[in-house]
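Participant: Dumping what Swiss-Prot says about this protein:
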BINDING   86, 124, 125, 126  phosphate binding site
């Protein structure tokens, strides 16, 4: 029995609250159960130097955790004077995932920065960040079109992510912290709304997993992501 009584393929309740903050072009509070992440999308005219003159835009991301988003306080990375390896890995993942959702040529020479700040962590913060940031990005792009700065919306479709893993020999979807910490295999999967894979991050923490188990985990992830994307689309319609 899972901690919340969920079935193996069931994601936690997902809530996406749009326009959560006042100033950002897109802002979303995303909740996967007790995991809560504030995602904002900020638009700047111009692109990084390596893209100047190429007529395309750029999407980048930053990720961070509030000191008491976890069970015990973690010092702010700013106080340490540098970002940790985990932070850099996650923010690069978020940026890669969201670039796959946008036609960068159609975006033109705009840069959109996605800031994902974890308010409360209970497993799956990177997958929640991708899911919420995608909705914030959609809102920001809609504002560019509404302002007449873009002729067409460059959004190609929704992108979402979910964690899957093997715990006590059972493949399960959307792991809470207590499950994640006990997982024999832990995997994060990012997909498009038509089921294409953007990224798979998978590690055997204990016993190596089989090819068949990998396929089972990917199928679980696809089902979970389909459910999450339905929630994303419903949020954007409200």
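Along the chain as shown, the residues are counted starting at 1.
Placed from the backbone N, Cα and C atoms, the Cβ positions cover glycine too.
Remember, predicted model here, so these are calculated numbers, not experimental data.
Structural setting of the listed features?
Facilitator: DSSP assigns residue 124 (phosphate binding site) to coil in the three-state reduction, placing it in neither a helix nor a strand. All chains included, 26 other C-beta atoms sit within 10 angstroms of the C-beta of residue 124 (phosphate binding site).
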Participant: So if I measure Cβ to Cβ from residue 125 (phosphate binding site) and keep only same-chain residues at least 6 apart in sequence, which ones fall under 8 Å?
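Facilitator: 35, 37, 65, 90, 118 - these are the non-local Cβ neighbours of residue 125 (phosphate binding site), listed in sequence order.
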Participant: Are there any residues at least 6 positions away along the chain from residue 126 (phosphate binding site) with a Cβ closer than 8 Å to its Cβ? List them or say none.
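Facilitator: Correct list: 63, 90, 93, 94, 161, 188.
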Participant: Which number gives the other C-beta atoms within 10 angstroms of the C-beta of residue 86 (phosphate binding site), all protein chains shown included?
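Facilitator: Taking every protein chain into account, the count is 11.
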Participant: Taking the mean position of the Cβ atoms of 86, 124, 125, 126 as the phosphate site, which residues outside that list, in the same chain, have a Cβ no more than 8 Å away, listed in sequence order?
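Facilitator: My list of surrounding residues reads 63, 90, 118, 121, 127, 128, 129, 188.
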